[in-house]
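> Checked TrEMBL, it gives:
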ACT_SITE  B:E46  active site, proton donor
BINDING   B:H44, B:C69, B:C79  Zn(2+) binding site
BINDING   B:A149, B:W165, B:T191, B:D195, B:L199, B:S218, B:G248, B:A249, B:K250, B:T251, B:A252, B:A253, B:G254  NADP(+) binding site
BINDING   B:S163, B:R179, B:R202, B:E246  substrate binding site
DOMAIN    B:1-118  domain 'CMP/dCMP-type deaminase'
Protein chains: 2
Amino acid sequence: MAAALALAERGRGLTAPNPNVGCVIVSDGRVVGRGWTQAGGRPHAEAMALGEAGEAAREATAYVTLEPCAHEGGRGPACAPALAEAGLARVVIGIGDPDPRTDGEGIAHLERAGVAVTRNVLAAQARRSMAGFLTRRALGRPHVTLKLAASLDGRIALASGESRWITGPEARAHAHLERARHEAILVGRGTLAADSPSLDVRLPGLEARSPRRVVLTSAGAPDGWMAIAAPDDVAALESVDHLLVEGGAKTAAGFLAADLVDRLLLYRAPILIGEGIAALGDIGLASLDAAHGRWRLADARALGSNRLDVYERARASSGKVDTTFPPG
Amino acid sequence: MAAALALAERGRGLTAPNPNVGCVIVSDGRVVGRGWTQAGGRPHAEAMALGEAGEAAREATAYVTLEPCAHEGGRGPACAPALAEAGLARVVIGIGDPDPRTDGEGIAHLERAGVAVTRNVLAAQARRSMAGFLTRRALGRPHVTLKLAASLDGRIALASGESRWITGPEARAHAHLERARHEAILVGRGTLAADSPSLDVRLPGLEARSPRRVVLTSAGAPDGWMAIAAPDDVAALESVDHLLVEGGAKTAAGFLAADLVDRLLLYRAPILIGEGIAALGDIGLASLDAAHGRWRLADARALGSNRLDVYERARASSGKVDTTFPPG
């Protein structure tokens with residue numbers, strides 16, 4: 001399943017509104033098929049893996065990060081019947097598909113066909129892997145990541161505006177990799193005016209993965225950009241399930257004030273700036289009590305002399321799609 | 001030597017102007033004596049360990065974090081002759097003693113007496129362990145630690161001034177433990193006026209380890225406090241080799257602007273505050289170039305849901321006492 005989750009990452013930022021799924025087929029201890037949702041959503045991961053496995057799929061085990069679909073999408077056959085027809089002995093699944101056209105029906109189809117099904121395997125990782133798809137299903141909007149690149153004392157620029165560079169080359173390369181994992185990147189009006197950022201992915205081999213560009217403004221969008229007037233309007237961004245918010249401080253604060261941030265990328269350079277420009281403007285915090293309990297550390301790593309901490313928004317479970325199968 | 005370094009920590013904050021040394025005596029694979037510099041500087045670590053070992057010191061090996069002294073202090077016999085007379089076969093030493101009355105003479109005495117000497121063992125850790133003593137020798141002032149307790153975005157309070165609590169109980173307990181490792185704690189005039197902080201060590205069993213209190217002010221000191229008028233005046237604080245600066249933002253910035261901070265304790269709570277009070281005021285930074293290369297991560301750990309990062313000032317070697325023996 002870990003291998004299937006790694007394959008699923010290849011589709012992140014390319015498959016909306018489809019989930020980025022990964023699939024590995026194993027026969028007699030050997031990997032005979034690998035697949036991941038292709039750009040635009042087709043073929044599905046299972047179809048690609050079945051194609052690679054061919055006859056070797058018979059009596060094999062498939063590991064799929066999401067419940068195989070039970071519904072034909074008009075652009076290809078449904079995956080649960082395809083897995084059954086290929087003669088798989090067993091299908092191991094990460095999480096259930098909340099799409100009402102599948103939602104348990106994929107599993108039911110497999111079991112009716114005599115395929116053994118195992119559920120909830122690495123479910124937490126699978127949920128994280130498909131955060132864009134699940135957030136769109138649960139909250140009707142993209143999964144939003146906010147990037148902050150700051151000094152140890154939380155400054156993103158000197159008082160003079162000088163900000164190149166606070167972070168080091170490894171951290172900047174990582175930030176470009178994160179861009180490639182999102183369908184769109186958003187900046188504020190001020191950042192657009194000051195920096196005219198290209199927001200492209202400047203990493204060898206990934207140049208074509210540069211996401212669409214969005215600006216937060218009530219004025220119109222310049223050529224090559226989309227515009228939204230308020231943070232809440234991200235819901236209307238079509239085929240965007242992963243949105244990366246890159247700043248500036250006022251835009252970041254606007255998304256936080258609207259509680260629209262699901263994930264926080266905090267790049268920190270080992271420098272102190274003192275008086276300067278703060279990472280965040282007013283987020284509407286009334287008391288310290290209200291600030292606690294919202295963020296949970298999900299990852300921490302060194303990037304050269306810089307550090308990256310990844311925090312995830314800890315939301316009440318009511319805001320989640322239930323993707324866990326009841327024990328059974 | 002690691003055990004000797006652990007013992008040495010027991011004296012940190014209690015022995016100035018003497019170094020906090022640790023000593024372990026091992027005979028036939030068994031620890032027969034342990035010692036560390038006692039409060040006020042006497043007995044020395046070696047004398048205490050020799051007292052515990054008694055006759056078992058004969059033909060044994062002593063591990064000492066600092067070169068044993070060659071000079072009688074008037075308050076006790078010199079340690080190098082005492083080790084030789086006790087019949088030690090071997091003495092393993094962390095770093096050399098820069099005190100001109102010893103400075104190699106301790107080693108020379110041991111070798112003349114036929115004791116085998118090994119040098120430079122865990123020297124970097126030994127230097128860190130005796131940072132207070134070495135900084136006083138090299139720079140004529142205490143080793144200064146600056147504590148910052150902030151949100152992820154570098155705020156130490158809401159705009160309203162509310163700051164209780166940003167960090168969690170584990171982080172606050174750790175900060176109290178750090179207090180016990182310093183001879184004195186300093187705050188700014190504003191913090192004294194606003195909070196009347198007691199700056200004591202509120203940890204069971206360590207209440208008696210509460211350091212002296214210093215305020216940065218040109219006005220007089222209140223009862224129970226010392227006062228200095230400028231950061232540079234820390235040099236004049238007698239019997240203070242470890243000074244902890246606890247804030248506020250202006251005081252912290254003053255010490256950084258004067259390049260008087262050797263170590264940075266950065267406690268960070270997993271919260272965002274947005275508009276609020278910044279951790280640091282103006283530190284006199286002219287450009288980003290000048291900010292880089294000054295701080296090196298020395299430790300990082302979780303304290304409950306909070307994180308502690310410890311950074312050390314990376315100084316040009318010219319500012320250091322040379323405590324490394326030439327290879328020989």
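Residue 1 is the first one shown; counting continues down the chain.
Every residue, even glycine, has its Cβ placed from backbone N, Cα and C.
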> What residues, ordered by sequence, lie under 8 A Cβ-to-Cβ from B:G248 (NADP(+) binding site) and sit at least six positions away in the same chain?
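In sequence order, the residues whose Cβ lies under 8 Å from that of B:G248 (NADP(+) binding site) (at least 6 apart) are B:I156, B:V187, B:G188, B:G190, B:T191.
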> Hey, of the binding-site residues listed (B:H44, B:R179, B:R202, B:K250), which one tops the CB count within 10 A?
B:H44
> Based on Cα distances to B:K250 (NADP(+) binding site), point out the closest of the recorded positions B:E46, B:C69, B:S163, B:R179, B:R202.
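Among B:E46, B:C69, B:S163, B:R179, B:R202, B:S163.
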> Could you tell me the mean pLDDT the prediction assigns to the domain 'CMP/dCMP-type deaminase' (B:1-118)?
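Averaged over the domain 'CMP/dCMP-type deaminase' (B:1-118), the predicted model reaches a pLDDT of 94.
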> From the binding-site residues B:S163, B:R179, B:L199, pick the residue whose C-alpha lies nearest to the C-alpha of B:H44 (Zn(2+) binding site).
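Going through B:S163, B:R179, B:L199 one by one, the closest to B:H44 (Zn(2+) binding site) is B:R179.
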> Per 10 Å Cβ neighbour count, which of the recorded positions B:E46, B:E246 ranks highest?
B:E46
> Taking the residues the record says bind substrate (B:S163, B:R179, B:R202, B:E246), how far apart in Å are the two Cα atoms that sit farthest from each other?
20
> Would you mind sorting out which of B:C79, B:S163, B:R202, B:A252, B:G254 (the binding-site residues) have a C-alpha within 10 A of the one on the residue listed as 'active site, proton donor'?
B:C79
> For the binding-site residues listed here (B:C79, B:A252), tell me which residue's CB has the most neighbouring CB atoms inside 10 Å.
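The residue with the most neighbouring Cβ atoms within 10 Å is B:C79.
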> Which residue counts does DSSP give the domain 'CMP/dCMP-type deaminase' (B:1-118) for helix, strand and coil?
39 helix, 28 strand, 51 coil
> Please tell me which one of the binding-site residues listed here (B:C79, B:A252, B:G254) sits closest to B:S163 (substrate binding site), measuring Cα to Cα?
B:A252
> So, in DSSP terms, is B:G254 (NADP(+) binding site) helix, strand, or coil?
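In three-state terms, B:G254 (NADP(+) binding site) counts as helix.
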> For the binding-site residues B:C69, B:A149, B:L199, which Cβ has the most other Cβ atoms within 10 Å, all shown protein chains included?
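By the 10 Å Cβ neighbour count, B:C69 comes out on top.
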